[in-house]
C-alpha cells in the first residue's frame, strides 16, 4: 500500500476549492510546522551547548537556577505529553478503521510529542547554565503551536463535530495547554526582563548551591529529577568505588538545619504561650505549634497521598476493562471516548501510565513526610537542649528531672514524634481508600462484596490487639535483657577472679537462667509477630473466599473473569490500609504521650535571671543526684547534699552596679540561699572575697562549702540578699593581661570531676586558644605528664564515657588543669585534693596554686579539708551548718577564736601523722599502674579490631581495589548459611518446605479461580464442585500461612538461643590473655547490640525477604505460563533489577552505618551537658555547647536524610520496573491471547510484583547489615579455649590435696602466648610447707606472672611446678584452681548477698562464714547490716569502702580452707589501718599455711621466711630478708633503700 499523507482512498482529500483552511488535510499539515521549526532551531543550540560542556565534563551546580514558573512549566509539559500520547493513540485507532493509511491522523501528534520532549530538555539546559535569552525560541514555538491548534479547533466547530467526539476534546485541551505555556513564558520575561527591557535582572543561584559542601540537591533540582531522585545516581554509583563517608554527603541545606527549624518552632511555641497566658490552668499546645511550623508540607504530602491512592484504583479498573475487551472483541467505526477506552491496547498503556504516576506520587508523599519529620526532630532537639542549659540546678538534684528522663526525651520521644509524622498522612488517607475500595467492590459484585469487606473489617481489631501485645512482649524482653547484660558485664569485669577461683560455671548458669526468661518472653514476642504476619496473609484469602462463595450461591449469572480479577486486586489494595491502621493508631497514642512529656519538660523551672548575672546566655542544667543518700567510697567524705552540688556550673555574670570596695572581687550580703525546697540551706551569709588573693573555705563535711560556691555562681535560689561581682580593677599593673581575660566567666573545678568525651588536650583547653607554654606549665603543675605518657596517643587520646576510663585522681587532676588553664580572673576549686594522694596534693599546691595562680594575680577560692594548707591562705572563711562561723586571715582567727584555732591545730597534727603513713601508700603510682595495665596490650587491641573487620572468607592477600569492591558488593552468603544451620537442619528443612508449599497453594487458588471463571457452560453441579475445590484450597492456604510464619520465628529463636549459648560458653572459657587484649566494650557489644539483632531483627527480615521473593517468583512463573513471550521481555528487566539492587545495597549499608555512628555522639553530648551543667554555666560556654549540639544534630539528620532518599531512589526504580512488567505482561497477553481468565490472572500477578520488588531489595540490604552481627559473634566462636582437661582424672586427686603446701618450682619458663617472648626464664625455687614467702622486684619483672603460673593462667612451656608431689600441669584446671586461694590487688565483689560473695558454691556453714568475717575484722560491721550475711552488695561492691572490700576478699580466701594462699599486691590499694589488719591475720589465721606474698612495697616482706627477688624474668636472689640485706650491692638492698 503506497503511503500518502491524507490516504489515497478519497480523491477529494486534497481539494482546496473551498479555501485552504477549509481543507482538513491542510490544517493537519499546518500543525506540523511549529514542531519542525522548534526542532530545527534547538538542535544546533543543544549540540553546540553539549559540545562545549563536554570539555568541562560537568557543569557544577553553582550555576543552577529555577526560572519563575519552573514547576508549573514541568507539570504543563508532562500533561501536554500525556495528551499527545492520547492523540497518537486516537489517531492510530481511527487509522486502523480506514481503508488506507492516513498519516495525517497521527503524524502531527507524533511530531508534537517529540517537540514537547525537546522543549523541556532545551529549557532544562538553559536553566542550569542560566542563559535566559535563548528562551525566545520556546516563546515563538508556543505562539505558533497555539495559533495552529486554534485554527484546527475553529475548523472542527465550523464542521459541526460533536463535543462528545474524542478528537474535539483533545484539540480543545491542547489549545488551553499551549495558551498556559505561553503565559508562563511571558511571566519569565516579565520577571527576569531578559528581553524587551533595558535592565535585565541579575539573579544568583540559592546560597546553598554556591556552597560546594552541600551535596543534598533534592530541593534544587528540576521536577523530573525530584520525582525520580536522579541526582542521587552519582552518590549511589560512587559508593561502589569507595565507601560513603560524612564528606561525601556534605552539609544540610540551610532550610533543613536544626537552627532554622528551631527558630520556626520556637516562634510558634511562644505564640501558643502568649495565648494561654491569661488561663493559668491551660498549658501551651505543642501540637498547634508543630502544626503552624510544619503544617504546610504535611498538607502537601497528604495531597500527594490522596492522588496516589485514587490512581491506585486504576489498576483493578483497567484489568476489568482488558479482560472484558477480550471477551467481546467487536469493531465499531465511530471513535467516541467510550469506544476509545474499550480498546485493550489503550487500556494497557493507560494502566502503565497510571502505575507510574501513582508510584511517583506515593514516593513524593513519603519523601515530604520524611523531610518534615527530620526537620521537626532537629527543631525539638534544639528546643530540648536550650531548655537543658536553662534548667534550674535544684530541679535535677531534687529528682524532678532525672538524667534518664532527659536521655529518654532525646532518644525516644523525639523519634516517636518523628515517626508519627512519617505515618500521619495515613491517618486521613486510609479511611478514604477503604471507602472507595468498598464502593468499587459493590459496583463489581453487588451485595456479596460487602460480605468480604465485613470479614476484613471484623478481623482488623484482632490486628490491633496483636500489635499491643507485641509492644508489651518487647518491653518485658527488654527488662530481661538489661538484667542479663548486667550479669554478663559483671562476669567480664571479674573474669580473672572467677577463673582463679574456678567459679565460671556458677556465674555462667545464672546468666543462662536470665537468658531462659528472656527467651520465654521472646517466644511470646515471636508468636505475636508470626500471628500478625499470618493475619496479613490470611485475611485477603478469607475475604475472597467469603465473597466468591456468597456470589456463586446468590447470583444467577456465573462469575465473570473481569469481575473476579478486578475484585481480587481490590481486596489486595484494601488489606494494606487495614493492616497499617493498627500500627498508625499505636504510633498516634505514643505520640500523644510523648508530647505530654515534652510539655512537662519545657514548662519546668528555669534558673533565675538575677540582675547581676545579665542572663543573656544563662542556662542551667543539672546532674546532681542530691538525695541519693549514698556515701560513695571512703574518700567521698561528703554528705549527699554537697556531693550533688559539685557538678554545677553557672552562666556568665555581668555587672553594672558600682562596688564600694575595689579590692573585693565578690561580695555576698545578707544571703539566704535554698535548693528550691524553700528551706534555706545557707543562711545569713555575709562574706567578701578579696581580689587577686587566695581565699580558703573550710569546715566539716556537709556544712555547705560547695553550696556556698554554687550560690555565688547563681545556681541556688536566692531567697534574699545580694551577690555583687565587682568589675575588674582597671588600675592593676598587669592591665593588659587582665583586659584579655574573659571578664565574667569563672574557671570552676567541681568536686565530682566532669570530663567531656574528647581528647585529654580538648578537656584541658576547653575551647580556649591553645598556648603551648601555658599548656605545659599547667600539665606539669597537675603532674599529668606521666599519666599522659602512658596513654596510647598521648594527650590526643579520647577519654570519657566512650574513651579510656581514668581513675578518680587522674580525672580530678584534669579538671583542675582545665580550671588553671582558662584565662579567667576568678578560679573556684571545689575540694581539688579529695582524690589525690599527698605527694600530688603538695605538688599541686606549690606549683599550681601558689606559683601559677598567684603569679597571674588571679582570685582563687579554694574549698578544702586539708587544713595543713591553711597557712598559705590570704583569707579564710570557716563554715558550720550552712552559716559562716569565722572570716578573716589566719592571724585574726588565732587571736579572736583560740578554741577554733586549737581544734584546727590538733586536726593538722593528725593529718601530719597520716602523712607519714601516707608517704608509703603512694596512690598515684598505683593509679598509673592500673592505667598501664589497661593500656599495655594496645597493639594487640588494634589488631583485634582489624581482624574483626576483615572478611574471613578472603584469605588471599592481594589487597587491591578490586577485591575490596568485590567484598563490598558480595552478599555474606557464608554467614547466612551459618545462621540458618545454627537453628538446626530439621527446622531449616521445615521452613523451606512449608514456604514453598504455601506459595504453591496460593498460586493454585488463583489458578483455579481463572479456570472456574473462564468456563462457558456452568450448571449447578459444576458450580458446587468448583466452589468446593476453591474452599478447600483457600482453607489449606490459610493453615499454611500460619505454619510458615510460625516455623520462621521458631527457627530464628532456636538459632538465637544456640548462638548466645555458644558465645557465652566460649567467652567464659577463653584464656585470660583474650580479656587483656580485647576491650570490654567490644565483648559486651556482642552480648548487647549483636544479640539483640539476632534475637529480634533477623527473623522478621528473613520472613519478609523469603515471602516477597517467593511472591515475585511465583508471579513471574504465572505470567510466563499464561504468555510465554513474556520471558523474552523479562531478560532486560532482570538485568536492570540486578544492577539496581547491587548498587543500592552497598550505598544503603554505608548510609545506615553513618546514621548509626552519628547518633551516638549526639546522645552522648546531651547526657554530657546534663552532667556538667554547672561547669558549663560557670565557664559561660553555653553558646559553644549549643553550636556543637547543632552540628551533631545536623550531621545525624543529613545521614538519615540521605538514607531515606536512597530508599526513595530504590523504590521509584523498582516501581517503574514493576510498571514495565505490567505493560509487557498486558501487551504480550493481548497479542498472544489465551483465555480471558488467564489474561486476568497474569495482570493480577504483574500488579502484585510492583508492590513486592522493592521489598526484596530493602530486605536484602537489611539482612546484609544484620548478618554482620552473626559474623561478629562467629569471629568470637573461633577463639581458642583454655585447656580444661588434665591427664589425671579428678577422682585420682586426693580429696584434701594440697595438704602440706610444699611447692617446688623446677626450671620454670612462662609466656603469655606461644608467639610472645617468655616472661619468666628458668626459675628454680623450693618452698617448705607453712613458709611465708615474699616475692619482689621492679615493675615488669614477672612477679604477677609467677602468681598466675600457679593457676596455669599463663602458658608454662618448660619446667614445672610441683605442689605436694603432684605436677600441676597434669591436673584438670577446675580441680587445680578450686584447691588454691588467691587475694588479688583489685578487690572485686559481685552484686548479690554477702554470703554469695564469700561462698558462691554454698558449701560452707554459717559458722564458718562468721569465723572468716571475724578473722577479717568485719564481723561487727556485717552484723549491723540489715539481713546480716544476706545483706545485699551493690554492683562492684560500691556500698563498701575499698578497704572493706579488700577485707571481704581476705575472708573469701579464708573460707576456702586451702593450705596455699597467694597474695598479689593485695595491700596496694588500701589504707594503713586495713593493711595492718591484713598483716596480722596472715600471721595468725594463716600461721600453718604456705603464704606467697607478691610485694608492692618491700617493707611488707622484711619479716618473711624466704624472699625471692626477680629481675626481667630471672630469679636473681633467693634467701631470707636479713641475709639479703647483708649484700650491699644486691638488688634487694637497693629496692629497700629506694623504698620501692
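The backbone N, Cα and C atoms fix where each Cβ goes, glycine too.
Heads up, TrEMBL stuff is auto-annotated, nobody curated it.
Summarising the annotation, TrEMBL assigns transmembrane segment to 32-51 (among others).
The transmembrane segment annotation in TrEMBL covers 72-93 (among others).
Sequence-distant contacts of the transmembrane segment (135-153) (same chain, six or more residues past either end, CB-CB distance under 8 Å): 21, 27-28, 30-31, 33-35, 37-38, 41-42, 45, 67, 112, 115, 119, 122-123, 126, 168, 171-172, 174-175, 178-179, 181-182, 185-186, 188-189, 194-195. Annotation source TrEMBL lists transmembrane segment at 135-153 (among others).
The annotation transmembrane segment is assigned in TrEMBL to 165-184 (among others). Residues 69, 72-73, 76-77, 79-80, 83, 86-87, 90, 94, 139, 142-143, 145-146, 149-150, 152-153, 156, 335-337, 340 of the same chain, all 6+ positions outside the transmembrane segment (165-184), place their C-beta atoms under 8 angstroms from a C-beta of that stretch.
What TrEMBL records for 307-590 (among others) is domain 'ABC transmembrane type-1'.
Taking Cβ pairs closer than 8 Å, the transmembrane segment (340-358) reaches residues 82, 85, 89-90, 93, 166, 307-308, 311-312, 314-315, 318-319, 321-322, 325-326, 1215-1216, 1218-1220, 1222-1223, 1226-1227, 1230, 1243, 1250 in its own chain, all 6 or more past its ends. Positions annotated as transmembrane segment by TrEMBL: 340-358 (among others).
Among the features that TrEMBL reports, transmembrane segment is placed at 406-428 (among others).
Marked as transmembrane segment by TrEMBL: 434-460 (among others). Sequence-distant contacts of the transmembrane segment (434-460) (same chain, six or more residues past either end, CB-CB distance under 8 Å): 309-310, 313, 316-317, 320, 535, 539-540, 542-544, 546-548, 550-551, 554-555, 563, 566-567, 570-571, 573-575, 577-578, 581-582.
Feature annotation from TrEMBL assigns transmembrane segment to 525-553 (among others).
Per TrEMBL, the feature transmembrane segment maps to 565-589 (among others). Same-chain neighbours of the transmembrane segment (565-589): 312-313, 315-317, 319-320, 323, 416, 419-420, 423-424, 426-427, 429-430, 433-434, 437-438, 440-441, 444-445, 449, 452-453, 456-457, 460, 463-464, 466-468, 471, 535-536, 539-540, 543-544, 547, 1006, 1009, 1240-1241, 1243-1244, 1247-1248, 1251, counting only residues six or more beyond its ends whose CB sits under 8 Å from a CB of the stretch.
Under the heading domain 'ABC transporter', TrEMBL lists 666-906 (among others).
For 937-961, the entry in TrEMBL reads region 'Disordered'.
According to TrEMBL, the feature compositional bias 'Acidic residues' maps to 945-960.
Note on the transmembrane segment (976-993): residues 1044, 1047-1048, 1050-1052, 1054-1055, 1058-1059, 1094, 1098, 1263, 1267, 1270, 1274 of its chain, located 6 or more positions outside it, place their CB under 8 angstroms from a CB of the stretch. Taken from TrEMBL, the feature transmembrane segment applies to 976-993 (among others).
Taken from TrEMBL, the feature domain 'ABC transmembrane type-1' covers 989-1264 (among others).
The transmembrane segment annotation in TrEMBL covers 1025-1048 (among others).
Computed over the domain 'ABC transporter' (1303-1537), the whole-number mean pLDDT of the model equals 82.
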